[in-house]
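Asker: Let me begin by handing over the structure; questions about it come next.
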C-alpha cells in the first residue's frame, strides 16, 4: 500500500474511562499530524453516532491512519484503533487491543484511576502491549498530577517517572505523546511472507456496499480481488474494495502485515463478519485462526412492545436494520396478553439495552414500552434436562423443576473511602458476597464482591452513583452459575395473571417485592365500576393483596325517608349489576404500571 516499511508502522489504542478525554485527544492527534484539516474538524471526530456525542461515550469502534514525520526526520504510519470504554463492550475492547502493539493509558489528572480503566489495562497487559501513561486535563484547576501519578504506580504498577502531562483540549503535550508512540511502541512483526491472517476488530453495515469490515493484517498480504475465507463463519467472499481509514476511507490495492484497513465484499449482515474472526485466503488458508474469538452472548433480556399495535411491523424492520450493525443484538417475536405483539430482545448489558432502545425511539420514531430486564436462568427439570430461561413466563411449574441457577458476576468497585459503608450496604441488599477490600491510596479503596447478575441489571449503577455522589466506578465480569432459592412471582389483576409483570425473585425477597408492587399498582390502576383485586402469588399461594374500591353511583339519592325495603331493593340491584360487570369486565392496566416494576427496585 505504502512505501513505509513494517519497522515504521505503529499500531496503538487509547485506554481511558468515560469522560477522561480520549476522543478529544484523538481529535488533537488527527489535527497535529495533518490527517484532518482544521476546517473540517469537529468535536469528537471519531464518534459517528449522535448518541455517542451526546452521552460522551464511544460505542462503535473507529480507526484512523496518521502519517507522522518524527523529530528524527523519518516518516511513520501511526494507526489509532479506538476502543469503547464501557463495561458492556469489553469483548470489543479485547479484540481491538489484540490488533495493537501499544496503548496510551489516559487518566484524568483531577479524577484518578477508575475501575473500568483498570479492567482494560489488565486486558492490554494480557495482550502484551507496551503501555504509555498519560495524565490528561492538567489545565484544570482541580488537577493533582503528582497524586494521580502515584496512584497509577500503586494501582497499575507502571513506572510513572516519565509520565506525559497533557491537556488534549489545549493541545499541550500532544507532540510528546506522538514522539513516545514512535519510540516506545514496538513495530509489528514482519511476517509478510506467511499465509494471510487478519483480525476483524469492527464492522458496520453500508446500504450500498454491504458490510464494511475493519481489520488488522497480522501475517501475509491481502490484495483487492482476493477470495477470502472467514474462519469462524466458514464463508467465502471476494474483496471488491480494499482501503485504509484516514479516518475517511481511501482505496488501495494491497495491504501487508502490520497494516490496518477496511474491505467490502458484498457481505449481507454483520453476523457473517463477527468481531474477532480471522480472515485468510480461500485458495491457501492459514493452518489455524488467530486466538481469542468468542460468540457474543446476550446477558440481559427484556420485552419491547410498541404502544400502538400498528407499529409492530415498523418495530420489526427497525430491529432488523439495527441488527445489521450490531451482531450482539438478538430478538424474537413475543406475544403478551397485556401488551399484544412485540419482541423479546437480548443485549450484552444494561448500557447496550438503553442505547438500542434510545436508537429505536430516536432514529425510527417508535414509541415503546419495555418490560423489566431479566437475565438467563438455568433450570434443571425433573426429566434431568437443563433449559435456559430468559422470560419468567417460560419457567416450568414448581413440580416439574429440581433447581434454578442464576448467573453471578465478579464485581470490582473503586470508591473514595468515605463511601465504603454505603456501597457495602448496597451490595448486601443485593445479595452480594463480600470477597476482598484493598486500599490503594489514603483516599481510594477497591471493594470486590460477587453478586447475582439479576440484582445489578435494573438500577445498580444508578444507585452506585447516587450513593457515592458520582465518585465510584464499577467493572464486572461473569463467573458462572449458582443455585439459589428462586421463585416466580405472578401478579394477578382481577383474577387474571398479567404476564408482563411476572418476575423471578429470591424467595426471601418475594414478600417485600410482592407487597410493594401490589401497593404501587393500586395507586396506578384507575378505579372501575367494580371492585378490582390485585394479588401477588407464588404458584397458587397469594402472598400479598390489595384491592381498588369500585366507583359507585348513589342509587339512594331519590329515596327520602320511607321504606327500608325500597332502599335494599335498589342496593341489591346495584350489587347484582356490579357482580355481572365484574365477571365480564376487563381491567385496563396503564403503561405507568409496567414502568413501576422498573422503578420498584430503587425502594426495595
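Any Cβ shown, glycine's included, is placed from N, Cα and C.
Computed from a predicted structure; not experimentally measured.
What Swiss-Prot records for this protein is below:
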BINDING   19, 20, 21, 22, 23, 24, 136, 137, 138, 139  GTP binding site
DOMAIN    7-189  domain 'tr-type G'
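Can you tell me where each of these features sits in this structure?
Answerer: Within the same chain, residues at least 6 positions away in sequence whose Cβ sits under 8 Å from that of residue 138 (GTP binding site) are 109, 145, 165, 166, 167, 172, 173.
A mean pLDDT of 72 is what the model gives for the domain 'tr-type G' (7-189).
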Asker: Please classify the secondary structure at residue 136 (GTP binding site) using three-state DSSP.
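Answerer: DSSP assigns residue 136 (GTP binding site) to strand.
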